[in-house]
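If you look up TrEMBL, you'll see G33, A35, V36, N40, S311, N343, L408 marked as Na(+) binding site. Sequence annotations record features per position, and here TrEMBL assigns disulfide bond to C138-C147. Annotation comment: TrEMBL describes 27-45, 57-78, 99-126, 228-246, 255-272, 304-325, 337-362, 396-417, 438-464, 470-491, 511-535, 547-570 as transmembrane segment.
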Amino acid sequence: MPFFSQAKTLKQDENVRRGNWSNQIEFILTSIGYAVGLGNVWRFPYLCYRNGGGAFLFPYIIMLVFCGIPLFFLELSFGQFASLSCLGVWKVNPLFKGVGYGMMVVSSYIGIYYNMVIALSFHYFFSSLSATLPWTYCNNEWNTYECTGVFDHHSSNDSRNNTWFPTKRHTLPTRISTATSIFSVDLENNTTQIPGRIERRASPSSEYWMYNVLQISDSIGNFGGVRWPLFGCLVLAWIVVFFCLIKGIKSSGKVVYFTATFPYMVLFILFIRGVTLDGAAKGISYYLTPQWDKILQAKVWGDAASQIFFSLGCAWGGLITMASYNKFYNNCYKDTIIITLANCGTSVYSGFVIFSILGFMAHNLGVEVSEVAEQGPGLAFVAYPEALTLLPGSSFWAALFFFMLILLGLGTQFCLLETLVTAIVDEVDSDWIRKHKAFVTLGVAIIGFLFGIPLTTRAGVYWISLVDSYAASFSLVIISCFLCIGINWVYGFRNYFMDVSMMLKREPPFFFKICWCLISPAIIFFILVFSLVQYETPTYDGRKLPYWAEVIAVLMATSSVICIPGYALYRLWCTPGATFMERLRHSMRPAPDWGPSLPEHRTGKYAMVGSLSHATVVSFEKDGQVGLDAGLSEDVSKSFSCTEPRLSFELHQAQLNGPAVPSETEIHP
């Protein structure tokens, strides 16, 4: 094909009004940054170690193949085909538009608390820019008499107390993690067994976290005022996110060249440093040594399915949103394979980085690796920082580690915020709001910041834990289940398979049809049952939260799910029809303008396209008279109005000019 002809074809594929990625690398890097988040570093390695080491990779890969990759491909193809947000794509089945609203609610919750985690990482990053890490020794004003640092246990307690006097006396948490102590801890009695006496001990990193960074209150209801250093870091986090998204994907697409790639450089540097340390081999052995008897346990399979599901970011709305900016004929199937394998490979690779350092820490303390292994914030802000104090040049390694956490968090946060902004802009769909999209981004960022202020209080960590545990728990599983039902069982997997075939110019593997219809929904249902069976009363650091906090947690989890039946009832009320079943049928039929966004892409059953409206054949019945109308999308949309309840109609997509899939000459091998 001549160069100028090829350039003209590419230009025709450009969605000028809405915009596209400048190139496909930007989409892949953005999606990798979205999927590869903090959970890959601070959750997967611990799950792998706890659930049988190398044996855990077997159920993990099984769940990736039969659930993760099919669902990822489903969402990417869904967004790319319609070039619309997580709300707009439900023109395919208007009754299920509540699924899109549920995704927005989940993204809002996660975006609020995720930026707070980024703020905490900023705080630790700035604290690392000092000659000595502030959590190295126990001679700080926030330390208690119970503090015993790694560098203190060789000297007597009396000698240490003669050299410093803490100005504050704190009450220790009711549970002391074994990861923060160099002694044998009796968790039930909260005591440490030392020959000749019984005392309580805590590491300097745990006290720095609890009493300096958080200045944690005694309960979730006692906010105790704003922690201004955290407040400032939260302001900085939102400013960074806003300016990176100020021009939408055109600006964030350039930023991800750094934010999505630099964490891999940091992981590589930390890996090289970690494996050269004494005890690293022991730590990696704990991480990967297979315990095959554990794969017979249902909990192991449940953890594998849950980790795959949540790690890939399914049902958050971000995958649909990011794919909606792809060009129509982009090979999203290839993108799916690249992104999902990169995500899971990063999880496994992170385990080597984490457990090599933890093995070194256990070697220095003379304890088993199991006694220092942690997950979540306990790993990121307590155990790993303590391990870094043992390294020469600890400030450099700590700054590098927390900078990596910042970038991992930003990669996910970009997509969460863009999901909300794109949904709003596409729903309003006016030239003015598209021209002033930056103001929408600013408004969403300000609202997110205001809702994040309570997380900067002394009780903020309780709320972070609550949101982390409930905002994106079983609600995501239910949303994903309705996503599969709405597309494959109501719209029809044959129809959708033909749509994807038209977009890819070839049929996807038959394997996906089986997974979309049967296997993936079955696994999703298994995850839901597993989540409900494993339900526990919300706690933080061993402290059981009050009943009213549990009620808030449940309301938070169900607030996204309630959007699905709530909007369905609203849609049924507004859809004309003489009977309930008639309304139900009408509300589940695709909207007249469902299909590819650009006219040049509407081939096959979508070929009848006018300059202002999409082709439909409309039959309607009013006062016993039947008539026909074609291509009048404005009139059709008015007939959906609640103000005309007696008007009933049927929409039949025109299939008069060609087959539903591309002809043989259009399908490339």
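Backbone N, Cα and C define each Cβ position, glycine as well.
There are 24 other CB atoms within 10 A of the CB of N343 (Na(+) binding site), with all protein chains counted. The Cβ of N40 (Na(+) binding site) has S311, N343, T346, S347, S350, L408 as same-chain neighbours under 8 Å, each 6 or more residues away in sequence. C147 (disulfide bond) is 38 Å away from G33 (Na(+) binding site) when you measure Cα to Cα. Here the transmembrane segment (337-362) touches the transmembrane segment (57-78). Their Cβ atoms form 3 or more pairs under 8 Å, with each pair 6 or more residues apart. Contact check: the transmembrane segment (99-126) against the transmembrane segment (57-78) gives fewer than three Cβ pairs closer than 8 Å, residues 6 or more apart, which falls short of the contact criterion.
A straight line from the CA of C138 (disulfide bond) to the CA of V36 (Na(+) binding site) spans 35 Å.
Contact between the transmembrane segment (255-272) and the transmembrane segment (57-78) is not supported, since fewer than 3 Cβ pairs fall under 8 Å when only residues 6 or more apart in sequence are counted. Within its own chain, the transmembrane segment (547-570) is flanked in space by residues 95-99, 101-103, 105-106, 109, 220-221, 462, 466-467, 469-471, 473-475, 478-479, 482, 537-538, 587, which lie at least six positions past its ends and keep a Cβ under 8 Å from the stretch.
In this structure the C-alpha atoms belonging to C147 (disulfide bond) and V36 (Na(+) binding site) are separated by 35 Å. Remote same-chain residues near the transmembrane segment (470-491) are listed as 71, 74-75, 78, 90, 92-93, 95-96, 99, 102-103, 106, 109-110, 113, 309-310, 314-316, 516-517, 520-521, 524-525, 527-528, 531-532, 538, 553-554, 556-558, 560-561, 564, 588, 590 (criterion: CB distance under 8 Å, separation of at least six residues from the stretch ends). Beyond its flanks by at least six residues, the transmembrane segment (438-464) meets 108, 111-113, 115-117, 119, 214-217, 219-227, 230-231, 234-235, 238, 241-242, 245-248, 377, 417, 420-421, 424-425, 540, 545, 549 of its own chain at Cβ-Cβ distances under 8 Å. Here the transmembrane segment (228-246) has long-range neighbours at 115-116, 118-120, 122-123, 126, 213, 252, 255, 410, 413-414, 417-418, 421, 438, 441-442, 445, 448-449, 452-453, 455-456, 460, meaning same-chain residues at least 6 beyond its ends whose C-beta is under 8 angstroms from one of its own.
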